[in-house]
Amino acid sequence: MSVKHFIQITKPGIIFGNVLSVAGGFFLASKGHVDFALFLAVVIGTSLVVASGCVFNNCIDRDIDHKMERTKNRVMVQGGMSLPLALIYATLLGVAGFSLLYVQANPLSAFCALIGFVVYVGFYSLWLKRKSVHGTLVGSLSGAMPPVIGYCAVSNSFDLAAVTLLVMFSLWQMPHSFAIAIFRFKDYSAANIPVLPVARGILAAKKQIVLYVLAFVLATLMLTLGGYAGLGYLAVAAAMGLYWLYMAWGGYKAEDDSKWARKVFGFSILTVTALSVMMGVDSQTAADVLMTYAR
C-alpha cells in the first residue's frame, strides 16, 4: 500500500471533472464578483465529498470490478487497500468535505452535497446499479449536484438558476453514460449490470441518446432566457449542443457502434467543459439580459 493507492481509489479524473462544473456554477452566481477564499473552500470541500463517494463506490463494487476490463486493476480489486481502511478513509474524506462546505460556505451547499452523496452511494451504488435499467437516471442526479453546490455556495438560494443547472447536468449525464455503456458493452454484460444497451439493446440506447441530447440542448438555453447568462454563453451552448445532437443522430447510420459511441462520449466532455467555462465568463443579472434584448 502506498500514497498512490490513496489517490487512485478516489478516482482523480472524476474529481477533476466535477471541479470544472463546480467552478461553472460558482462563477455563474458570482457575476464577476468572486470571493476566492470561498471558491477555494467550495472546490476543496466538494472534491473531498466526491472523493469520499468514489472510495465508497470502490468498496461496494469490488465484487464486480474484477469482471470488467476497465476496472480490474482498481486498488480494491488488486488488494492494494483493505476494506476496513478504505471505509475509514472514505468516512474521513466525507466528514472533512461536508464540514468545510457547511462552515466555510453555507448549510444549503452542504445539503446539496449530501443529497448527491446519498443518491450516488446509497440509491445508485448499493441498489439500482445492479438491479434496474433506471439506475443511470437516478444516478444522474448525483452527477448534476456539483454545479448546484457551486451556485448555492454563493447565492445561498435554490432558485430558478439552481433548478436549471440541476436539470441541465442531469440530462447531460444520460447520453454521456449511455455512450460509455455502448463502447464498454462487453464489460457491463460480463458484470451483469443492467444498463440500457445491455438490458434493452443498443438501438434503444441510441434513441434515448438522441432524445436526451435534444432535451439537454433546450435546457441549456434556459440560463440565458431566464436572465442568468449572456448571449455569448447562449451562442456557445447552441453551437455545441446542436453539433452534439447531429453527432448523436449519426448513430442510426453508424457502422461501428463502439467508435461512434466513443465520439459521442468525447464530445459530451467538450460540451460540458465549454458550458462550464462560459457560465463563468458570461454570467449576467436578469436586468442585464433584458436591457440587451431591449436595444
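Just so you know, the numbers here start at 1 and follow the chain as drawn.
Cβ coordinates come from backbone N, Cα and C, glycine included.
As annotated by Swiss-Prot, transmembrane segment applies to 9-29 (among others), with the evidence given as sequence analysis. Long-range neighbours of the transmembrane segment (9-29) within the same chain, counting only residues 6 or more positions beyond its ends whose Cβ lies under 8 Å from a Cβ of the stretch, are 39, 42-43, 46-47, 50-51, 54-55, 57-58, 74-76, 80-81, 86, 89, 93, 146-155, 161, 165, 169, 223, 228-229, 269, 272-273, 275-277, 279-281, 283.
Sequence annotations record features per position, and here Swiss-Prot assigns transmembrane segment to 36-56 (among others) based on sequence analysis.
Here Swiss-Prot flags 83-103 (among others) as transmembrane segment.
The feature transmembrane segment is assigned by Swiss-Prot to 108-128 (among others).
Annotation source Swiss-Prot lists transmembrane segment at 135-155 (among others), citing sequence analysis.
Annotation source Swiss-Prot lists transmembrane segment at 163-183 (among others).
Cβ atoms under 8 Å from those of the transmembrane segment (209-229) belong to residues 28, 160-161, 164-165, 167-168, 171-172, 174-175, 178-179, 237-238, 241-242, 244-245, 248-249, 251, 264, 275, 278-279, 282-290 of the same chain, restricted to positions at least 6 beyond its ends. For 209-229 (among others), the entry in Swiss-Prot reads transmembrane segment.
Per Swiss-Prot, the feature transmembrane segment maps to 230-250 (among others). Panel annotation: around the transmembrane segment (230-250), residues 175, 206, 209-210, 213-214, 216-217, 220-221, 223-224, 260, 263-264, 267-268, 270-271, 274-275, 278-279, 281-284, 288-289, 292 of the same chain, lying at least six beyond its termini, place a Cβ under 8 Å from a Cβ of the stretch.
Annotation comment: Swiss-Prot describes 264-284 (among others) as transmembrane segment, evidence class sequence analysis.
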Looking at 36-56, 108-128, 264-284, which one has the highest count of Cβ pairs under 8 angstroms to the transmembrane segment (163-183)?
264-284
